[in-house]
Amino acid sequence: MADQLTEEQIAEFKEAGSLFDKDGDGTITTKELGTVMRSVGQNPTEAELQDMINEVDADGNGTIDFPEFLTMMARKMKDTDSEEEILEAFQGFDKDGNGFISAAELRHMMTNLGEKLTDEEVDEMIREADIDGDGQINYEEFVKMMMSK
């Protein structure tokens with residue numbers, strides 16, 4: 001799970017973690033956890049915090065070490081691809097703003113992201129996401145594709 005985080009996210013979480021690891025022993029107490037998460041833009045409820053701690057606090061001592069913290073943050077990040085973020089991503093792909101991502105727009109965006117794809121690979125991506133079979137990806141199809149990753 002933590003292997004899905006970027007190096008930048010890991011560095012950010014390490015900084016956040018060490019910020020609240022007051023005694024420098026490499027662990028974060030349950031009380032500190034909420035503060036840490038809020039500092040990196042997450043906003044968990046008390047119940048969510050408790051659930052997250054219970055999931056990773058293997059020895060039940062109420063503290064979390066850094067690898068456990070990374071795993072937990074990776075889970076949380078995966079769950080919070082907000083609709084707003086997905087809409088922004090869709091709009092980034094939909095260059096002409098017509099509400100659909102064409103093969104050309106997808107190819108253009110993937111090239112910008114450093115992915116050199118063949119026409120066949122682009123067509124395959126469209127086919128996988130194109131539920132209604134019209135040859136392009138609408139917003140609903142894009143959301144389904146993003147949520148399944």
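Using the three backbone atoms N, Cα and C, a Cβ is placed for every residue, glycine included.
Values in this document were obtained by computation on a predicted structure and should not be read as measured data.
Annotated Ca(2+) 3-binding residues in Swiss-Prot are D94, D96, N98, and among E85, E105 the one listed with them is E105. A 10 Å cutoff on Cβ-Cβ distances gives E32 (Ca(2+) 1 binding site) a total of 17 other Cβ atoms nearby, all chains included. Residues 122-123, 125-126, 135-139, 142-143, 146-147 of the same chain lie 6+ residues outside the domain 'EF-hand 3' (81-116) yet bring a C-beta within less than 8 angstroms of a C-beta in it. In sequence order, T63, I64, E68 constitute the residues six or more apart from D57 (Ca(2+) 2 binding site) in its chain with CB-CB distances below 8 Å. Counting only the Cα atoms, the space from D130 (Ca(2+) 4 binding site) to D23 (Ca(2+) 1 binding site) is about 53 angstrom. Listed in sequence order, the residues T27, I53, V56, A58, G60, G62, I64, D65 complete the 8 Å Cβ shell around the Ca(2+) 2 site centroid, once D57, D59, N61, T63, E68 themselves are left out.
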